[in-house]
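Single-structure report; data block below.
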Amino acid sequence: MSRGTMPQPGAWPGASCAETPAREAGAAARDGGKVTAGAQPRAATRCPAEHEEDMYRAADEIEKEKELLIHERGISEPRLSVAPEMDIMDYCKKEWRGNTQKATCMKKGYEEVSQKFTSIRRVRGDNYCALRATLFQAMSQLAELPPWLQDLELILLPEKLINKYTWIKQWKLGLKFDGKSEDLVEKIKESLALLRKKWVSLAAMKTAEARQTACDELFTNEEEEYSLYEAVKFLMLNRAIELYDDKEKGKEVPFFSVLLFARDTSNDPEQLLRNHLNQVGHTGGLEQVEMFLLAYAVRHSIRVYRLSKYNTEEFITVYPTDPPKDWPMVTLIAEDDRHYNIPVRVCEETSV
């Protein structure tokens with residue numbers, strides 16, 4: 001898709017590929033030559049066309065891994081959602097040591113990215129990965145506060161929408177809020193208020209170093225971090241409702257929204273919530289077409305180096321394809337279409 005094409009429905013993760021558990025620790029390595037630490041079982045996507053590794057796991061596996069990590073490093077050490085930066089080619093050599101066709105493709109992809117960026121930050125690969133990588137990049141950039149966050153109506157949005165669309169009460173709160181009998185409207189209002197508060201604080205910082213340090217700290221606070229994801233998911237639902245209503249009224253809408261509501265599992269916003277957004281963070285991540293919706297929700301264009309698509313027109317994919325000129329851009333790296341890492345430190349000799 002690179003700079004002008006859309007991913008076809010058959011290429012979306014989840015459109016035609018069944019997710020099955022990889023019951024042997026070495027399954028991922030056999031699949032493409034990638035070295036995985038700790039021999040932890042993962043859920044793997046087995047697509048007939050590409051057989052790409054799925055970095056996502058079930059919620060209970062994620063919690064077990066967290067307990068193990070806490071036990072190993074001690075409870076006092078903060079959990080890292082976004083790892084410290086390291087040289088991008090050192091990371092590639094560490095992760096892709098094999099000589100399989102996939103490993104070779106990944107190495108060439110990383111070599112290409114290294115012409116633009118010198119370092120990488122690994123993002124924790126749970127079912128919030130796409131949200132985490134995008135939001136971390138957007139909030140850590142030295143830029144002004146986005147205008148949409150300054151809208152006084154933002155915090156009133158949950159009450160307004162839930163009063164109009166009672167089916168939103170089907171909303172499934174994230175992992176950190178399971179089992180809590182909090183009022184849904186109040187919980188989402190709190191999440192949106194937190195998103196605004198943290199972004200305002202970061203935008204007021206004068207140096208990139210100060211902003212980066214504060215953002216790193218924010219993404220080690222699990223309760224606040226997961227609350228931010230609830231806010232972003234609600235913003236995604238709000239944009240989906242707006243786009244669906246415009247489409248029903250015959251107004252011109254972005255092409256991705258036509259595809260979004262053409263799926264059997266998301267013919268309307270209610271189905272999108274029940275079958276897709278409610279699963280994000282629990283049993284699934286964002287599909288390709290939902291990356292467009294994420295971009296529209298936070299009003300940032302998302303440029304992704306899709307390493308598995310090296311040497312094709314889809315190697316660099318931008319969501320949306322033709323973003324408004326005033327939208328900031330975040331850049332991510334994807335080894336597959338589910339897990340995203342963050343490239344950092346632009347090479348001085350490039351303008352990208």
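Using the three backbone atoms N, Cα and C, a Cβ is placed for every residue, glycine included.
The feature motif 'PDZ-binding', as given by Swiss-Prot for the ranges 1-4, 45-48, 349-352, sits at 349-352.
Among the ranges 59-65, 108-114, 206-212, 283-289, the one that Swiss-Prot lists as region 'Linear diubiquitin binding' is 283-289.
Residues 255-259 are the range that Swiss-Prot records as region 'Linear diubiquitin binding', among 240-244, 255-259, 290-294.
Between the CA atoms of HIS339 (active site) and ASP126 (active site) there is a gap of 8 Å. Neighbour counts of Cβ atoms within 10 Å were compared for the recorded positions ASP126, GLU314, and the top value is held by ASP126. HIS339 (active site) falls within neither a helix nor a strand when secondary structure is assigned with DSSP, and so counts as coil. Over all protein chains present, the Cβ of HIS339 (active site) has 23 other Cβ atoms lying within 10 Å. As a summary of secondary structure, the region 'Linear diubiquitin binding' (255-259) carries 5 helix, 0 strand, 0 coil according to DSSP.
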